[in-house]
Structures are given as C-alpha cells and as structure tokens.
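Read through the structure below, which is laid out as structure tokens, and then see the notes.
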Amino acid sequence: MEVPLYQGFVLAVTITREAIDEFRRFQRDKEVNSQLYSKLTVRGKVQVKSSDIQVGDLIIVEKNQRIPSDMIFLRTSEKAGSCFIRTDQLDGETDWKLKVAVSCTQRLPALGDLFSINAYVYAQKPQLDIHSFEGTFTREDSDPPIHESLSIENTLWASTIVASGTVIGVVIYTGKETRSVMNTSNPKNKVGLLDLELNQLTKALFLALVALSIVMVTLQGFVGPWYRNLFRFLLLFSYIIPISLRVNLDMGKAAYGWMIMKDENIPGTVVRTSTIPEELGRLVYLLTDKTGTLTQNEMVFKRLHLGTVSYGTDTMDEIQSHIMNSYSQMYSQASGNNTSSTPPRKGQSSAPKVRKSVSSRVHEAVKAIALCHNVTPVYESRAGMTGETEYAEVDQDFSDENRTYQASSPDEVALVQWTESVGLTLVSRDLTSMQLRTPGGQILTYCILQMFPFTSESKRMGVIVRDESTAEITFYMKGADVAMSTIVQYNDWLEEECGNMAREGLRTLVVAKRALTEEQYQDFESRYSQAKLSVHDRMLKVAAVVESLEREMELLCLTGVEDQLQADVRPTLEMLRNAGIKIWMLTGDKLETATCIAKSSHLVSRTQDIHTFRPVTSRGEAHLELNAFRRKHDCALVISGDSLEVCLRYYEHELAELACQCPAVVCCRCSPTQKARIVKLLQQRTGKRTCAIGDGGNDVSMIQAADCGIGIEGKEGKQASLAADFSIAQFRHIGRLLVVHGRSSYKRSAALGQFVMHRGLIISTMQAVFSSVFYFASVPLYQGFLMVGYATIYTMFPVFSLVLDQDVKPEMAMLYPELYKDLTKGRSLCFKTFLIWVLISIYQGGILMYGALLLFESEFVHVVAISFTALILTELLMVALTVRTWHWLMVVAELLSLGCYIASLAFLNGYFGIGRVSFGAFLDVAFITTAPFMWKVSAITVVSCLPLYVLKYLKRKLSPPSYSKLTS
C-alpha cells in the first residue's frame, strides 16, 4: 500500500504549489479590478470599482489616472476641447497623443447638461486594430438632428493614461472587447525544458522496467501462471520509476524561488511562477522592449552644434551669457532709437553679408528652437480653484513653479525646457500666437501664421511666425537629418556631426530658417489655400506648395537630445552577450529612435554595421531585400513591423534563418501581437529557449508567449510585472538573475534529478540480482517499510541538500558570464550523463548484493541487514561525491540521516530477516555490534564507492570542467 500513499503525497505537493501560484494571481487581478472611478449619474457623482463599469456609463477620469475601458471622449476641462494621453502601455510609443472631444457635448454649458440631451453613440464591433475606429454620434432632440462622425481621435482606449486635464467619456467596450485585451494573447501553461527532459528519461526507465520484467519471466522459463509472475516482477522493480522525483524537484524549485527573492543584490524580485526557475539557466534569446525597459523615457538636452562651435552640458552657461548680452544690446538699441529721430534702417537685408558673430548665431539658434515646436505651456491652477470653473486669465499664475509643458513628443518638451534654462522662456501659446520671455523679463509676442505638423513621411515640422515688434516674417523648420540635408544651404559639417552624435546615442534634429518678405508670404499663402481647396491629389499639391518654401534655408544648428538609459544597461547587455545570449529589441517606437538606443545601449557594438531593412510591401520586394541582406556579414538588422509581416508571410524560413545569425536584431513599430509572433517564430524555428522582458501593457503578449517572461515594475503601472513569471525592479538585475540564479538552479536540478533516478535504479538492481540468485523467484528483498524509509527518511535530506550545492561562487559567475554558455547545450542532463548514472547504479547495486551474498555465507539470515546498511552508506557517500561546494546544512543532513538509520535499527528488527518469516532470527543488536559485521559492511561500501572517487579525481585532473579552472 505504500506506493499509492506516496503517490498521493507527491500529487498533493504539486497541486498545493500550483494552487498557491494561482491564488496569488487572483489577488493581483483583484487589486487592479478594484480601482475606484467616478461615474456620472443623474444624481451626481458615484464611486464605482473598475470591474463594475458597464457599456454606456459616463466615467470621469482625472489627470494621471488609467482609463479603465474603451470610451468615446465627450468632454474635457481643457478650454481647447482636447487632451493628451500617454499610450506607451498600449503600443510602446513615447509620444503623447492628442485626443479631441465630441464637439456637440463639449459645447454644452455645464456637466449636468449631458443628461438633458437625447443622444446616442453607434460604434463598430470590437476589433484588433488600435489605430482605427469608425462610429457616429447622433443628437436627436435638436432641430435638425446633429450627426457627428467619430474617428480614432475621439476615442480613449483602456490602459492609456490621461496626461492633461480631466476627461469625461461614455464607455463603448469593456472587458474582453477592449482593444488592449484583444491584443493580448491567451497565456499558456509553461513547462520547463528540464521537466520535459526528465519526462523523456522517465519514459526510458519505464521501458527498461518492462524489458527487465520480461527477461526475468523468460529466464524463469514461462513456468505456471507466467503472466501473474510478470506483474509481480513489474511491481518489484517499480522502484526504477522515480516517483519521488516530482516532490524533490518541486521542493527544489520552491527553494530556488525563495533564494532568488532573498538575494540582497537584486531586491524587489518576485517569483510569480515557481515551476520554471531552471529555464533561467538555458536561455539563448532575450527579447526586450525599449521604452521603459532599456530607457527611462526621460529626455535630456545634451548638445548644441553651430558648425564651428559645439556646446555640451558643461558649457551651457556660455550660451546663457550670449543670450543675456544679445537681448540687453537689443534693448539698449531699441531705447536709443526711440529717442533719436532717425527711422530704423529698412534695407538691412540688402546690406552685404558679414560673417555673423558667434553671439548672434547662438541667439538665432536658441530663438529658432524656442519658436519651432508644438509645445503648449500649461499652468496648474492654485489649490482651491478646481472644478470646471472658467477662471479669468488674470488669475492664471505665470510663475515658473506652476508651468508644465505639454507636447506630443518628449523630445520637444526637452528642447523647450532647455531654452527656458538658458533664458528664453515660452510663457503662453494659443492657436494664433506665442509669447516668449527674455532674460530681462520682456515679453516678445509672435503671431503664428502657418503650422506644418510633423508626419512620419516628411520627418520634419515647420512654422511661419511674424515678430509683432519688428513685423519680420520667418519660416522656421526642424527635422531629421535625412530630410533636412537636401533643404539647407550647402555646408561641410552637418552629415559628419550627425554621425558623431548618433554614435553617442543622441537623437539629432536639424534646425533651419528662412526670412520671408511680406510679398513672398502673401504669394505663398494664396497658393497654399488654393491647394488646400483642391479636390484631386490634395496631399500632393499642398506638399508641393510647402516645398517651394523649403529651398536654400539657412542652417542654424544641430541639437542632440538623449533618452536616458536605465541604470547599468550597457554593462548588463555586455555581460549577457558574453554569456552567449542573443538580444533582440522589439519596440513600438520609430525606426530612428530604436536605432539610436540600440547604439547608445551598446546592443549594437560601435564597430558593427547596421543593415536597415527597407520597407517592403510585396513578395518581390521582400525577396530582393532578403538577398541584399544575405550578402552582409556580421551586421545588426533593423526591420519595421510591417516589413516583417510581409517577409513572414512569404519567406518565413529564410528570414528566421538569416535573423538568427545576426548578433543583434531590432524590430521597430511592432504591435503587441507581432511581438508575440516573433517569440513563437524563434521557438519553432530554433527550438532554443526564449526570454522576454518588458514593462508595459504592450509587452504582456510577448511575456506570456516566451518560455520565460520577466516583467519590470516600471512607473507605467504593473501590467507586465503581474503577467510575468518573474518580476524585477530594474533591468540590470536580469544579469544576476540569469547568470547566477538561473545557472545554479539548472545545475542543481539536473544533479538532483539524476540522483533520484540513481537511487531507484540501485535498489532495483539489487532486487534483480537477489531474484536471479534465488532461481528468479518474485520475492521482495526488502519489506515495505524499509522501501519507504529508504526513499524518504534515510536518504531524503542528503539528496535534497544538493539544492544548496554551487560549483562556483556567485561573484565568479558574474565575473565570467562565459560559464553560462556551456549550459545552453544542455550537457548537465542528457542521455549521456543519464547512461553514466545508470551504469554507476548497476555497478553499485551488483557489488552491494553480491558482496553481501559472498561475505555472509554463514550468517545468511543477516543478508538483508548487511546489504541495506551498505546501501544507505553508499547513498550517503555518493551525495558527498556529487557535491561540489560543501554547506554546513549538507553535513547536518548526512549525519541526521545516518543517525535516523542507526536509531531505527533498534526497533525495526522484525524487518531485517529474509522474507516475511524471519526464521526466528530477530535482529540481535549483538550481531550488529560485532567486528565482522562492521568490517564486512565497510568493505562492501568501499568497493562500491572507491572506484568512483578515483574516477572522479582522474577526470578532474585530466579534463577539468570550465568552472574548476576558475576556482583553483
């Protein structure tokens, strides 16, 4: 009966551990679902849990709050009727998005009026695409009824965060129908590779068991009811199947998880899935997100280059003094001019071009940066002025503490904040004008005549402004170097400097200007408005008119902005690369940004070429591009999500093969589902283990698809870290997690698994020898309790103490990440090592049994006592042989087991005879304490263990493993 009981225990341990994991997940979900939101009803505001929000509810979302479900944007506290939202949790893009409220509801005088109108929203059925939406808003009680079309700019998707103002929306999709959930793939149950390998070995052992039983029956000569004997043999040898393996491994995994969480060097690490710590030791591909994982998503202005001079962070004060000087001169000139009667010279522009002084060039450049952007300064109202009260402009506080800047891209904010730091401050902006404040406190007003926004095709933005004080019209433009190099006047430094800055990992923008006369502008405006009214090819015509201005512009400066990397990203990536892990970066961000970060984080080393995969749309283009890429050697690949999609459709195999040879791959503009597809592609094509790491909601699919998902608790919320198997506090912790904990977990589990198998094999070998000596009788050698005791109390602790074993110190493992490379080949547990253990078991089992039978012819009744004692000693010595680094607990375990065995000899004497009838020879303590018993047992044990010690010593001398070279 012992076996079923034991199996029950085994299953109970496994089930309990899985249940604990599930319960923790349930608690985390509950935490997110019970966030409170304000719901607007006829009776006023009510607090509701996010899990109770239903379609049709009117929900109020405050600034910096997460949007709980997909909504149509009805109303906002901002005057402009629009607000910004942050979408990095949804698509990984760093830019803020501008959303527009439905004008019909935004125009209503007060909040409560939403209930006095009769209107409805029609929305299309739920879809995957986060970048499109079609719907209509209809108000029926007006005359005539108002119909408004709704598009993507009227929507607020769940998991995005409101960045400005308070918004009110009507819920259209909830739960599984929201865009963010539809883009998340269903999680699968993760099983570690080690468990699969051990399952293979267990199957092999089962076949061995059947074969052995059949051989025994055959040798018996199929006498009598042979099939009954066959089953008796199957039961006798059933110890070959390591049932206790599961318990030991599960407890081992729990121990590794505990060690990882207790490690002081990686505080805040949480193991959420306790079934796969060994996976951390076998990774070949690491797929990482960019925004928030490698970078902090905080932009800092680093460099201004004027062609002849370059200003870095340490020389910004020089710029400040130049600005101060030029404005104070202008001020004194202006006041001087007013007193004298000479009118200001008109023909300045026709005067011969003099080489400008550095001071004026700095001034021009800073002014251009301060004017050419899409940034709005926002003043937080002082306390006590909340609510939708329309306060007068007078109450607004223009002081610097209250001002925050809003823009769709953090780069632009960084530029405007920098101009503020050198003395030129943007104080207000609306649709038609901008105001700057000089270091002297003067306010300069500029009238915005035209805005040309940034698009991903044009890669540039422009603005035409008129200075109110001098009436000069200037066209300012800034953009990527690729777009701008053809527009600006000839120069010899732009391309080279852009390259230099990009190598430092800075994002570059080229700033240029062109002065326009009133006539030139009027001519442009008439052509522009005409082009905007045309019906056919409107886009092309408008672009052509704008391009007529974009000629021979005066190059002012080149700016460099840095997206700050997380702490220690470079050394960590370096270490992982040395450990033989290939790193892929999958990001939703733009190609330029992604390439920039790949360089600055040293994901791509300085000397490597980067092959940018051109955008492809058809099979033929994809074929040509893949061929072009095939000719390159050892270069990193940068590819966009759309091109990837095309290549995967037609040339999946070729692309996977080429990409896997690359030292680094960067995929930009990836949707969440594409990220998960890339992970699955790697798993299927290479069969290697993959790990995904990310911090946003857009990484959840990828984290769940990978063999091992790691989430970072970012400032962007906890979605990724909750869905992951392991959650860490900072990216740099991943180095230690893999190289130290992953490596040791795998090595320990491999040793533990094989040892447990050896333990079952050795006793089955003894049973086989015993049966064959006694004319193939199907009689058990040891009685039930001894067998259970053998698997648990006598050997459990020492075998389990292998969990504490380590071959090298953690410091060494961190210093030599190359040690990790050996593991990916899976040499610690394969059929070769398994067969070695099988041979050891057969040898030892044979020696123990034959030794016992040979040395004790006279006291044959005691053969059980002798062989069992020798068996226990052998097991304890084998543990000692396998251990690489001793731990005090191991010694305790060895001594404890030995103590237990000796103590149990005293009262289990009924079990130590042969068969059930003990021939009256109850265990006499007298016999056990005699000298012959002692030396004979010792002799058998020495014969069974000494050769292995000698072999191990020789092996370490002749072909030492890589780690021993470091420890010596």
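Think of each number as a place in line: the chain as shown, counted from 1.
Placed from the backbone N, Cα and C atoms, the Cβ positions cover glycine too.
Whatever TrEMBL says is automated annotation, not expert-curated.
Since this is a predicted model, take the numbers as computed values, not measurements.
What TrEMBL says about this protein:
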- 45-179: domain 'P-type ATPase A' (DOMAIN)
- 156-175: transmembrane segment (TRANSMEM)
- 204-224: transmembrane segment (TRANSMEM)
- 230-249: transmembrane segment (TRANSMEM)
- 332-351: compositional bias 'Polar residues' (COMPBIAS)
- 332-357: region 'Disordered' (REGION)
- 722-960: domain 'P-type ATPase C-terminal' (DOMAIN)
- 756-778: transmembrane segment (TRANSMEM)
- 784-804: transmembrane segment (TRANSMEM)
- 834-854: transmembrane segment (TRANSMEM)
- 860-881: transmembrane segment (TRANSMEM)
- 888-913: transmembrane segment (TRANSMEM)
- 933-951: transmembrane segment (TRANSMEM)
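Long-range contacts of the transmembrane segment (230-249) within its own chain (CB-CB distance under 8 A, at least 6 residues past either end) are made by residues 3, 6-7, 9-10, 13-14, 195, 198, 202, 205-206, 208-210, 212-214, 216-217, 749, 752-753, 756-757, 759-761, 763-764, 767-768, 771, 778, 780, 787, 791-792, 796, 799-800.
Across the domain 'P-type ATPase A' (45-179), the DSSP tally of helix, strand and coil residues reads 23 helix, 53 strand, 59 coil. Same-chain neighbours of the transmembrane segment (933-951): 840, 843-844, 847-848, 851-852, 855-856, 862, 866-867, 869-870, 873-874, 877-878, 881, 927, counting only residues six or more beyond its ends whose CB sits under 8 Å from a CB of the stretch. Contact between the transmembrane segment (784-804) and the transmembrane segment (860-881) is supported by 3 or more Cβ pairs under 8 Å, counting only residues 6 or more apart in sequence. The transmembrane segment (860-881) is not in contact with the transmembrane segment (204-224), judged by fewer than 3 CB-CB distances under 8 Å for residue pairs 6 or more apart in sequence. Non-local neighbours of the transmembrane segment (756-778) in the same chain are 201, 205, 209, 212, 216, 219-220, 229, 232-233, 236-237, 239-242, 244-245, 248, 787, 790-791, 795, 799, 834, 837-838, 840-842, 844-846, 848-850, 853, 867, 871, 874-875, 878; each lies 6+ residues outside the stretch with a CB under 8 Å from one of its CB atoms.
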